[in-house]
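Below you'll find the structure, written out as structure tokens, and then a few comments.
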Amino acid sequence: MGPLVLAVAYIPLTVLAVPASVLTLGGGYLFGLPVGFVADSIGATVGAGAAFLLGRTIGRPFVVSRLKDYPKFKSVAIAIRRSGFKIVLLLRLVPLLPFNMLNYLLSVTPVSLVEYMLASWLGMMPITLALVYVGTTLKDLSDVTHGWNEFSKSRWAFIIIGLIVSVVLMICVTKVAKSALDKALAENEDIDGVTSSPELPIVAEPPSDLNQPLIIKIDSTEDNHEK
């Protein structure tokens, strides 16, 4: 039941916007690479989905009140209207916005729950795998320190090479994702008149109007009513 408990523990931490890196490391330390990775990946994705649903429902007033603190989110929200899955995936790979608030910020955009969950799951895999691997390595080192296990030279070489490869891959993935995200956001900055559109999925009014509900989707038959 340990991996299940670990996965469930992600939900309250993610909803409360508390960093869950310790849980990810713990998954590798306690259960090893395969099981720890699966438990952490599922837990992180379910937790992100819970925060997303909370922000889209009863937590929307809170999210709206915080939008003014994240000016970069405006270009992100515009881009998501055109490429929701792609932008969410890239945001998971690039720390453009605070990771723990990202779940709530994305909840007020038009991205669907299915696209959000799938993109989040795929986008969080690299960092999850890297942290689980580090946790597994810490467990191995702990065993050696306490005399519970002995490492051969080849085992030490494998651990060191694995850590180096993990760091290099994370750097490369982040750079590629950042380049793609910057390009996608730049393309959407040239949309004429988008900031004046009533369908813009962010709050552009003064602070006194921050409690007004956001328009997530507008059907053509309801356009006049929403205006």
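Every residue, even glycine, has its Cβ placed from backbone N, Cα and C.
Automatic prediction, not curation, is the source of TrEMBL annotations.
What TrEMBL annotates here:
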DOMAIN    18-136  domain 'VTT'
REGION    194-227  region 'Disordered'
TRANSMEM  29-54  transmembrane segment
TRANSMEM  87-106  transmembrane segment
TRANSMEM  118-135  transmembrane segment
TRANSMEM  156-177  transmembrane segment
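Counting only same-chain residues 6+ beyond the ends of the transmembrane segment (156-177), those with a CB under 8 A from a CB of the stretch are 90, 93-94, 126-127, 129-130, 133-134, 137, 140. Long-range Cβ contacts of the transmembrane segment (87-106) within its own chain (Cβ-Cβ under 8 Å, at least 6 residues beyond either end) map to 14, 17-19, 48, 51-52, 54-55, 59, 62-63, 66-67, 70, 72-73, 76, 79-80, 115-116, 119-120, 122-124, 126, 173-174, 177-178, 180-181, 184. Across the range of the domain 'VTT' (18-136), the DSSP-based residue counts are 98 helix, 0 strand, 21 coil.
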